[in-house]
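Asker: Sharing a structure here in structure tokens format.
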Amino acid sequence: MSQAEGKRRSGDKAAEYVTEGSIVGVGTGSTVAFFIEALGRMKDRIEGAVSSSEQSTRLLKEHGIAVLDLNATGTLDLYVDGADECDRHNRLIKGGGGALTREKIIAEASRRFVCIIDASKQVELLGKFPVPIEVIPMARSLVARRIAEMRGQPVWREGTVTDNGNWILDVHHWQITDPVALERELNQITGVVSVGLFARRAADVVIVDGVVR
Ligand SMILES: O=C(CO)[C@H](O)[C@H](O)COP(=O)(O)O
């Protein structure tokens, strides 16, 4: 099966978790684009979506789905999003598309997080994919120095500005044996907005190539 086919199957399968009349949290990325297509086919049966990025907002609107403000919706029943890496405990690296902060907010605001991936995203140990960290622009070098002290190799994703007006550092060469502890430690660095490790709030359900794992 091609990677694109795996993503499409996972996006389609996730639509089975959407309930009548609900508001769905929607992530960002090429796998989520397939989910949005599936959501478009059932748009008359949902109230709308909360979007994690300008990119997904555009896609949702193209499919005729109302985009709602999280401040007005309260807790969501369901959040569907992709990932860059997923370990056997459903802990994730996310943010390859740069939308990690809003993704984390919606994941946190949702009762159930369904992660949709293709088989290539499954790993034994998180960290081969660089960990994205969104930073306040003026704190970029400060945060990079702190990360270097933690034996990470931060690379500035130059030219990328997040939907929140911030910058991203991608941290290479971390073998992440304790993702919860690392996430906590990174969150404490002044200037860090959010961390692309979803370990404390891991996925509840993981769908791989269209099959629930
Ligand atoms: O975290 C993300 C965006 O910030 C995406 O979910 C992640 O990068 C996976 O993307 P794709 O589905 O295109 O492989």
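Glycine too: its Cβ is placed from the backbone N, Cα and C atoms.
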Asker: Going by TrEMBL, Thr28, Gly29, Ser30, Thr31, Asp81, Gly82, Ala83, Asp84, Lys94, Gly95, Gly96, Gly97 bind substrate; tell me which of Lys121, Lys128 is listed for that site too.
Answerer: Lys121
Asker: Which is it, of Thr28, Ser30: the one of these binding-site residues whose Cβ has the most other Cβ atoms within 10 Å?
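Answerer: Comparing the binding-site residues Thr28, Ser30, the most crowded Cβ belongs to Thr28.
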Asker: List, in sequence order, the residues of the same chain other than Thr28, Gly29, Ser30, Thr31, Asp81, Gly82, Ala83, Asp84, Lys94, Gly95, Gly96, Gly97, Lys121 whose Cβ lies within 8 Å of the centroid of the Cβ atoms of the recorded substrate site.
Answerer: Gly27, Val32
Asker: Give the distance between the Cα atoms of Lys94 (substrate binding site) and Glu103 (active site, proton acceptor), rounded to the nearest whole Å.
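Answerer: Pair distance, Cα basis, whole Å: 9 Å.
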Asker: Could you check which of the binding-site residues Thr28, Ser30, Lys94, Gly96, Lys121 have their CB within less than 6 A of ligand 1?
Answerer: Thr28, Ser30, Lys94, Gly96
Asker: What does DSSP say about Glu103 (active site, proton acceptor): helix, strand or coil?
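Answerer: Its secondary structure by DSSP: helix.
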Asker: Going by a 10 angstroms cut-off between Cβ atoms, which of the binding-site residues Lys94, Lys121 has the sparsest surroundings?
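Answerer: Each of the binding-site residues Lys94, Lys121 was scored; lowest Cβ tally within 10 Å is Lys121.
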